[in-house]
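This report refers to the structure that appears directly beneath it.
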Amino acid sequence: MQKSLSVYDSDGSTFAPLVVIELVSETKEEAIAWLLNRVRDKQQDGGAELLVEQLTPGAQGTEKDNPNVYVVGASWQRLLYGAEDVGLFKEFNDGSMRGFTYANKHNFKEFQGDGDGFLSMAECQYIIKHELDNLRAKDEAHVPGYPKMKLYPGKSVIRRMQSKGILVQVFPLHEKEELKRLSFSWFKKIKLSFQPLDDIRHYFGEGMALYFGFLEYFTLALIPMALIGIPYYLFDWEDYDKFTVFAGFNLVWCTVILELWKRLSASLAYGWGTLSRKKAFEEPRPGFHGVLGVNPVTGRAEPLYSNAKRQLRIYLVSVPFVLLCLYLSLYVMMIYFDMEGWALMIHDEEPTFWTGLLLFIPSIIYAVVIEIMNLIYRYAAEFLTGWENHRLESTFQNHLVLKVLVFNFFNCFASLFYIAFVMQDMVLLRQSLATLLITSQILNQIMEAFLPYWLQRRRNKKAHKRMIKTMEDKELPLSEQVKLEADMSTYLGTFDDYLELFLLFGYVSLFSCVYPLAAVLVVLNNVTEVYSDAFKMCKVFKRPFSEPAANIGVWQLAFEAMSVIAVVTNCALIGMSPQVKSYFPESETQLIMWVVGFEHFLLASKFILAFVIPDVPKHIQIKLSRLEFESLEALKKRKMLEASGIPKTDK
């Protein structure tokens, strides 16, 4: 909890500010008063029962500053009840992870005294966000002062005001001392050690910690391939007959690492209390719209939208648009091959050092164009997925991931497949893979680390010239800290980070047998990625709300799908090698049958391996089963006690 800064609530009590609510500067007074009252009202009266107060401008405040900025906190007892409401799991005295209950609070390992310090600041902020999101309209027909902003019983007040533009943003505050300690152990000191995943989880939540855990695991898993790739590159550079050995290693590697990751993520999630945590009931997205009706599950009034209309939008608009984009990507790819032919022709006519460099120019240009096309398509995919009007955020994300993955996979790998299986030019494949990989990594580092940092520095110099030091180097007043963080860029989630890892995994698992240094380059990229992503989270972006997560979600399926494609691709590359072809000198049909049979055998082995290796380690399965058994026994005991209080008239 943040101890250094505190504010006074309207009743005179002090509280630690945890979350900031910013309304537009011209928000009407009656709307502000109504919202603040709803936030402060008791839970039994339909309120959130939180503490909220207007942020007072500091000594350096100006007339341009938005006056409608409010800080939100809560009493410690309210936070503990909130921890029970959201289903928070904490470590019990016997070492197991159990759902927290206020009545049983003293039986939890870290609960001491009145429980101060039992909840992390990230957990407290998550609880406050949960309570704000569940602040629902009662009998109001509209937001006071805004007759056109209709409300109906059960509608989320915060989501409604956010979707209509009255509420600018809701974000959690950084805790400067804790951030300083985390920054020092995470990225300020360059060292060969594991990341402080528990500290990351404590500060940013489980979803963020799982991403950095997967990034670290992926990097370590690449080291054996990188160690094999270096001597392979040095001694067998021109010996393409021997890439079958490396392709065979690829086949085993891409299957085993994903299965082992599922076990590791289960262990991490259990230790963090999210493995057995029940998923919260999803509310409609803020942008979801439709005809007002009654939800058959909750019984509350909410917009309803025909699934048939949504499917028509998907299949008549979204799918044709994606296919059109794939065609444009294919067209750009053919232009790239024309450029390659032109560069090769010039080099053949006059082979010099400069014409040798010219051979790499088409691949570099193509790599830059790929990144630009991916970026433009991403915005189009987000617009289309929003237009499809999905009710739930999870459904929205799944459709967005599918659109983006299909295009990015085709856009990044189509040229490599064409070179490998149509042109069958291993020299050009190696050159193209190396150029695409190196160029994309350089562009990603510029876009993800240096550009956000430069923009943030420029914004800070322009808006806060009086602040030369960063907020962790100097104690700032609360008002200045809030203004500084409010101007920071908003972190949009781990989508782009996982997408980058997905593409890197594709480069390594699909074609690294013809360019063994691919794994080495990805390891170097991931090491810098750890530091750049850590820097972004601590210095560039607003602090995101903690998101409970038990695994990496839909991305696990994406990586497993890529590993299946890798099996097929590497088997085909093995079948194309002169070494294997020499065993079938007279019959190409026999070669194809052998390759297909071998590929089917490997896929079967892959799925058997996935079935044999449990996703959850045995000792964790036992703990979960014991907890379930004890819960059932406790329920039986409660029923027996209830029954014992009733007169036994049946005897």
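The backbone N, Cα and C atoms fix where each Cβ goes, glycine too.
The domain 'Anoctamin transmembrane' annotation in TrEMBL covers 200-626.
The list of residues near the transmembrane segment (209-231) in space but at least 6 beyond its ends in sequence, with Cβ under 8 angstroms from a Cβ of it, reads 194-195, 197-198, 200-201, 246, 249-250, 253, 257, 260-261, 264-265, 268-269, 272, 494, 497-498, 501, 505, 508, 512, 516-520, 522-523, 526-527, 529-530, 533-534, 549, 551-552. Residues annotated as transmembrane segment in TrEMBL: 209-231 (among others).
Annotated transmembrane segment per TrEMBL: 243-261 (among others), in sequence order. Distant neighbours of the transmembrane segment (243-261): 214, 217-218, 221, 224-225, 228-229, 232, 236, 426, 505, 508-509, 512-514, 516, 556, 559-560, 562-563, 566-567, 570-571, 573-574, 577, 579-580, 602, 606, 609-610, 613; these residues of the same chain sit at least 6 beyond its ends, with a Cβ under 8 Å from one of its Cβ atoms.
Under the heading transmembrane segment, TrEMBL lists 314-337 (among others). A Cβ distance under 8 Å defines the sequence-distant neighbours of the transmembrane segment (314-337), meaning residues of its chain 6+ beyond its ends; these are 362-363, 365-366, 369, 373, 377, 380, 384-385, 387-388, 399, 403, 406-407, 410-411, 414-415, 418.
Among the features that TrEMBL reports, transmembrane segment is placed at 357-379 (among others). Nonlocal intrachain contacts for the transmembrane segment (357-379), taken as residues 6+ away from its ends with a CB within less than 8 angstroms of a stretch CB, comprise 325, 328-329, 332-333, 336, 339-340, 342-344, 346-347, 404, 407-408, 411-412, 415, 431-432, 435-436, 439-440, 443-444, 447.
Taken from TrEMBL, the feature transmembrane segment covers 400-421 (among others).
Residues or ranges marked as transmembrane segment by TrEMBL: 433-455 (among others).
Under the heading transmembrane segment, TrEMBL lists 501-524 (among others).
Long-range contacts of the transmembrane segment (591-613) within its own chain (CB-CB distance under 8 A, at least 6 residues past either end) are made by residues 251, 255-256, 259-260, 263, 563-564, 567-568, 571-572, 574-575, 580-581, 583-584. According to TrEMBL, the feature transmembrane segment maps to 591-613 (among others).
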